[in-house]
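Report on the structure given below.
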Amino acid sequence: MRKKLAKVKVHIQSLDSLLSSMTMPIIGIFIAWGLLASFFIPSGWTPDKNLALMVGIGIQYVIPTIIXFFGGKKIYEIRGGVIAVIIAIAVIAAGQTEAFTKIVGQKSVMFLGVMIFGPIAALILKHTEKFWIHRIKSGFEMLVNNFYLGFLGFALIFPSFYLSIYLIGYIQLGLKLLVEIMQQYKLYPIAAIVIEPAKVLFLNNAINHGVLTPLGLQQVRDSGKSILFLLESNPGPGLGLLVAFLIFFFKRDKKLSSNAASSSPIHLFGGIHEVYFPFVLLKPVLILATIAVGVVGNGILQIFNAGTIAPVSPGSVIAGFLQINKTPLDVAGYALALVLSAVTSLLISLLLLSLTRKKQLKTLQEAQAQVAEMKQTPAKKPRQKDTPAIATKIDFSQVTFVCDAGMGSSTMGAAIFRKELKNQNIEDITVINKAIVDLKDEKVIITISQLYDRVKAKRADATIYTINQFLDKQGYLTIIEKIKNEKN
């Protein structure tokens, strides 16, 4: 049963990775588009009818096409991206038809459609051409490959077009009605019951980019802003929890308190929420605190009718104020939600830590023992081929940090690791970071323990080191010592 649950978790996290890989690389485009909207739409700072045309073109055509390209590229590299763009043409056109408008009630931004059908088209291309791609006569590769991609894309346009009208149409109608019900009956606060536990299970990207972003962008198109972008990205709950750990363990556990202190600015200003997830996992009852605080924060946002004009990603307070709709109520609502959710999270977390102090200490000891045990597992040890007499020498010239999206937390961990290598005068090791889906032939990998199963499934023959979190400096020092011993 446990193995089945582990497999389900891996599949869900893989879906999360695919969804985030379509949107995370183009956050800069969302920011630029959001600035265009904030300046030039009729309700913007400097309305301009002509310049506002760029806003509509960007949200209707450009952004969905790029999302589809990245979705296909993650499945089958450039060829997968190209066929996904062909499918995006069909999906976007479907959202402009009268049949779709009759179902949904309006023309729609087709993010959901391109996120589904783009990767599916790339999968079909990948698994059909593998049977004959290596049999092409020399000199005909370009001709055959391009014609096959073109003909297959042409064939897939038609099912994608009609499925987008009817299947995606009714899905979007259902989601639209759900959002309208939440708005009408003031139900946004209860969204925290789903969002906060899912974040701790590293499904934050799936929720934010797979669900809230497409719905939010549709709301922006209709009303100029959306509260949905703020439901997952509010850094208040995590900030309060980290400060609670800093205070509660200041004398009890200096190392844990120090980790919480160093994680707080990264969480608040860097927008990397993953840094507080391990603290919740040390004491799972704190999930109740994050849920309660999420309800408080979302409630304040709803009372003030606050919203942003574009996705808040990463979930930084800087990005939040940059994208917030520029009216006094919106700005005040966001600021108040941030402050009160942080304070409430601090108080509830301190209360729960105090009430369960003995259990907490025991849990911390068990967690430390578990980490120590992980360091002795094959995942921590340099892997060797099954050769009884001669050990295989490991190539440490490049170390790859791996996280789900390959952007936020792994970038931070790689930077810390580079600094520790520099402090020890080790200059012959290159440190890079990647997403799990981008792994190919890496020899040495560092990741967090929660992602070990997925990394192992992708690169079973690599040397994989796991750490408790990407801010674990002591874990990095331990790995560096092992690398030095292996090299010597």
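The backbone N, Cα and C atoms fix where each Cβ goes, and this holds for glycine too.
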- Message: Going by the topological domains annotated in Swiss-Prot, do Lys49 and Leu246 sit on the same side of the membrane?
- Response: no
- Pick from 74-94, 179-199: which stretch is listed in Swiss-Prot under transmembrane segment? 179-199
- Note on the structure: Range annotated transmembrane segment in Swiss-Prot (choices 27-48, 225-246) is 27-48
- Message: Return the average pLDDT for the topological domain 'Cytoplasmic' (200-289) as a whole number.
- Response: 85
- Message: Summarise the topological domain 'Cytoplasmic' (74-147) as counts of helix, strand and coil residues per DSSP.
- Response: 57 helix, 0 strand, 17 coil
- Please check if the transmembrane segment (290-309) comes into contact with the transmembrane segment (148-169), where contact means 3 or more CB pairs closer than 8 Å and the residues in each pair are separated by 6 or more positions. no
- Non-local residues, at least 6 beyond the ends, that sit with Cβ under 8 Å of the transmembrane segment (332-353): 230, 234-241, 243-245, 247-248, 283, 285-286, 288-290, 292-294, 296-298, 300-301, 303-306, 317, 320-321, 324, 360
- Mind checking which residues of the chain, 6+ beyond the ends of the transmembrane segment (148-169), have their Cβ under 8 Å from one of its Cβ atoms? 79, 82-83, 86-87, 89-91, 93-95, 97, 99-100, 103-104, 110, 112-113, 116-117, 121, 124-125, 128-129
- Note on the structure: Counting only residues at least 6 beyond its ends, the same-chain positions whose CB falls under 8 A of a CB in the topological domain 'Extracellular' (170-178) are 103-105, 108, 112, 215, 218
